[in-house]
Amino acid sequence: MRESTLMEKVTRRTISSFIFFIVSSTILFLAGKSSAKISHNGDNNVTALFLFGDSFLDAGNNNYINTTTLDQANFPPYGQTFFGLPTGRFSDGRLISDFIAEYANLPLIPPFLEPGNSQKKLYGVNFASAGAGALVETFQGSVINLRTQLDHYKKVERLWRTNFGKEESKKRISRAVYLISIGSNDYSSIFLTNQSLPISMSQHVDIVIGNLTTFIHEIYKIGGRKFGFLNVPDLGCFPALRILQPKNDDSCLRDASRLASMHNRALTNLLFQMQRQVKGFKFSLFDMNKSLRLRMQHPSKFGFKEGEEACCGTGKWRGVFSCGGKRIVKEYQLCENPKDYIFWDSLHLTQNTYNQFANLIWNGGHMSDSLVVGPYNINNLFQIP
């Protein structure tokens, strides 16, 4: 099938140039100042937000690294719905992290690599990188892996000690919320790059979870206590992976979906184990997998008109990762109204979808499908001293 052939060609690594950096950074700064209701200037009780992981949270770090357009979204039509220009976010507008910052009365959290005044980093920092995984080997050399994101966080922690002093910095680190989305690329990359696993699926999941466990313990040692997690969505049902289905039918890519399920079971077990064994460790886990499947199965129930096809892309389900025409495949189609779609491109979601997810993550027990969040919601975590 031609779509599958194109997708295999598209899967990784082309040279790109940076687009709209200065303009986009200015818009982001102004948007952050205007949209958030800042009420804690000089407030010692401010709760900061730190973000780690992949494209579900990356607000533009990949704009500033030597990578390819497969891992960048700094060209139109990305960003068209909210910012009016591309910002590096893999969506038509805002991400979950942007909405959470707004609900917490914080400015838009700046990417770690964004040039500018370090004072902007005193309410939190976004370390996430599109394409990143818990494994160093995942798209190695083209993304900022979780281990490097941790190194960047340690630099900010030193900056905080300089700005606030040792004791005040320690209090702020402890009060901060750490939101993490990681794992999707560790599994989807196997299929997108046509690899074969040298180990069993369960062993692969164990290594991913092991690296994530080490990361959490490192943040905890520095002083972090309040963590939020997005689990891995049903990857096999994403348009980019569905077109790789060898049966040439409309089903999801079974092994990709299976890896996501295995990861999520292991992640849930890990977090509840840590809650029992690690003093002061508190967490919120968002079942992104279930939430996305509900919307794909019943799009109209959640205000969508299209539950499977992407808004932007090429081929069946617009599953070829061609949105914007800056990747290997230059031709692409763009829907009229992204708000009607769950998927923005073949691997990412629309602002409308992220907005719904952010509401669930923040409000927890007040939504119709609230069982997807627990044992705390993110609002609860922000309220804990």
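Here the Cβ of each residue, glycine as well, is placed from N, Cα and C on the backbone.
The signal peptide annotation in Swiss-Prot covers 1-35. The N-linked glycosylation site feature in Swiss-Prot is assigned to Asn45, Asn66, Asn194, Asn211, Asn289; the stated evidence is sequence analysis. Among the features that Swiss-Prot reports, active site, nucleophile is placed at Ser55, with the record citing similarity to another entry. The active site annotation in Swiss-Prot covers Asp345, His348, and the record cites similarity to another entry as its basis.
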Alpha-carbon distance [Asn194 (N-linked glycosylation site); Asp345 (active site)] in Å: 20
Nearest recorded site to His348 (active site) by CA-CA distance, among recorded positions Ser55, Asn66, Asn194, Asn211, Asn289: Ser55
Whole-number Å value for how far Ser55 (active site, nucleophile) lies from Asn211 (N-linked glycosylation site) (Cα to Cα): 19
Cβ-based isolation winner (fewest other Cβ atoms within 10 Å) among the glycosylation sites Asn194, Asn211: Asn194
Length of the line joining the Cα atoms of Asn194 (N-linked glycosylation site) and Asn66 (N-linked glycosylation site), in Å: 23
C-beta crowding around Asp345 (active site), within 10 angstroms: 30
Among Ser55, Asn66, Asn289, which are recorded positions, the residue with the most C-beta atoms within 10 angstroms of its C-beta: Ser55
Asn66 (N-linked glycosylation site) versus Ser55 (active site, nucleophile) - Cα distance in angstrom: 16
Where Asn211 (N-linked glycosylation site) sits in the secondary structure, as DSSP reduces it to three classes: helix
For His348 (active site): DSSP state (helix, strand, coil): strand
